[in-house]
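Quick look at what TrEMBL annotates:
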type	residues	note
BINDING	Lys517	ATP binding site
DOMAIN	23-140	domain 'Bulb-type lectin'
DOMAIN	324-405	domain 'Apple'
DOMAIN	488-770	domain 'Protein kinase'
SIGNAL	1-17	signal peptide
TRANSMEM	429-450	transmembrane segment
Amino acid sequence: MSILAILFLLLSSAAEAQRRSSSITLGSSLTPTSNTTWSSPSGVYAFGFFPQHVNCYAVGIFLPDKTVVWTANRDSNPTVPDDVASLLLSTDGRLILRRMQGQDVEVISPSTTIASASMLDNGNFILYDSNSRIIWQSFDYPTNTLLPGQRLPPGKELFSSASETDYGRGIFRLKMQRDGNLMQYPINTPDTGPYAYYSSRTSGTGGNVSLNLDSDGRLYLLNGSLRLRNISNVRFPTQGSINLMRLDVGGIVRIYSFSLGNLTVTRRLSSTTDKCVPIGLCGVNAFCILMDNAAECQCLPGFVHVQSGNNTAGCSRNFLEQGCPKIDDKLKYNMRRVENSEWEDNSYEILDMMSEEECSKACLDDCNCEAAFFKDSQCKKQRLPLRFGRRNTENSNIALVRVSTTMEPNMGGNSEHKSIIKKERRIDILLIGIVLMSIGFLALLTSAIITHKNRKNYSKISKEDGAYFVEDIFLKVFTFEHLSEATNGFKEELGRGASGTVFKGVLKNGQKMVAVKRLEKEFAQGEREFQTELKTIGKMYHRNLVRLLGYCLDGDHKLLVFEYMSNGFLADILFNQEKRPNWEERMEIARDISRGILYLHQECETQIMHCDIKPQNILMDGNWCAKISDFGLAKHLKQDQTNTYTGIRGTKGYVAPEWYQKQAITVKADVYSFGVMLLEIICCRKCVDYSRSEDEAILEEWVYDCYATGKIGSLVGDEMVEERKVERMVKIGIWCVQYDPSLRPTMKKVLLMLEGTVEIPIPPNPSSFLSSI
């Protein structure tokens, strides 16, 4: 027994001696050009500067030939500033980049003061406190590589590098999810199946599943101590070599062997041989095609690469879009096709029983249609950008893309793009032009007669405030009798608002369900709201706006006919414990709504303020896509107008403070309302609830209090959500509800924050405006 004790002490002393032998003490420093490093005892691994780009450096861990296995400051910019004099473990216990000018840059920021550091022979860089306790280690924060003995625990993820010479964060991620599933995604996408291009199919196996790498290169999932699944089961030699796993630039997981003898790297195993499998490889408006087993990125016809020499950065149009083409401009556009291609489907309208030519024409005739997918007699209209494109010979889908006929077509190196509309001889065009002019003249004459005949029916409303709406909007006109029949005498009520009631209806063919909004006769602003809603939504198409199908203006009867949203109002599912969506679903709803508001604020001909953003005005379609409705209070801004003065509009609890102060109103008022609703989406409760304790009654105040005191988890109750995700969304919400409109972000910035594209600074106290409640 005493011999075993002595042996244990000897081994412990040897391990401690090894730690001391590689110990990095306070005051130690490295310089970028001296080629000095903090090495492990055997010299296999080193911590220090390595080349980044041309004549630049980054800080990280690497093997002898500068094969990088870990990179510092990867989430921001790993490139060391030009004026950095040294990498310093300072005497006050910080690991910093000491600059000749400007503020020092922290490389690693542990919660406790550093007393020493060491680079171990297993590739782990460790920081210690004054009691020799580990306060930080690189194995807990992997970047794009796993080393033998290292694990990827639940909730952690690897990110690819930006390029072979840029070790900043790239566009792909490998995540060990808390549900036990190992998944691969493009960055800035939700952790849900539709966005994944690899899954270990181990969902539901528990919250303690981790990805592990053995020294022989075997990659597997462990559930506690139980081996759950082998990801790769091939063994590679370990003598004189190190086997490591890397998520490569192109999004593919590979096993490499590094030879300690000749310092060479050999690729041993790849997760796939199809280099187009990682979705999003080519960026937007481009697609991936395999050429001689290599991934090649090609632009859509009419597009060019946005970065010369970087074909993965996506493509943009090589012609200037002139907005909605007029009738006589339509010959300036045609549709070009990309066969056997698959894309992310963000259809805003689906048409059935169509030929390819009819699909092309339907897109050309639709001002908002920039592309369409045609397959199996189905036509799916799309907006740009198109994402996740690749050529797949087994997929019969055809992408039809609107291009200008006045520019030189960009084939993107692909001879298979064919024009749908063939160039005809000039004589044919002349004949067609004469026929179209004749038909147009007859149509205008007929329209003028009908308009004159029916003008009395709406002369009152069309004279108010110089209003115009019927002449500029192409919508189906219904009679009151038709809509009364469709709604079975306005029997089934879907919802009720200040200006009217919404009923469920079925049009005569018995197949098209609709929602019919009837404005109440006694509502004083009814006519103006009717006009506003027609004028606002009648000319808009967007995936996240409820589509207006038609209207009825029959005597005193004013009705609007909308597409039917089968999953009802967001408020009904958000504040219902049994129907409540999960976290990822709620975040997708928030992103949907932000896209719709962004369209109103920045993508319409003139800025539109909705003025009544709230869960009761958000509807959910059959695919759980969120759509904004009820534009009765919307306010149009003129081309050169950025603000307006008007009476209070909206619903208490969601109304921005500036409304009550009689200040100029901008689109930032909608941002405030969205912020309140985002907090509701996060917490699944109403913005004002006096049934709760005084501290929790006002949601905005309670959320900020929880954020400021580090109690973020209490906002989602028992729901299993990563705290960092909740904190990120809370910070966005707090920024949106700032009392000062100038501090609120634009909806463009809000969407970027929701998508995870930009960093979110720490928000100040929103200084809640209590009298607005």
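Placement of Cβ uses the backbone N, Cα and C atoms for every residue, glycine included.
On its own chain, Lys517 (ATP binding site) has Gly500, Thr501, Val502, Phe503, Leu559, Leu560, Val561, Phe562 as residues at least 6 apart in sequence with a Cβ closer than 8 Å to its own Cβ. DSSP labels the residues of the domain 'Apple' (324-405) in these numbers: 15 helix, 31 strand, 36 coil.
When pLDDT values are averaged over the domain 'Protein kinase' (488-770), the model yields 84. The DSSP breakdown of the domain 'Bulb-type lectin' (23-140), given as helix, strand and coil counts, is 3 helix, 50 strand, 65 coil.
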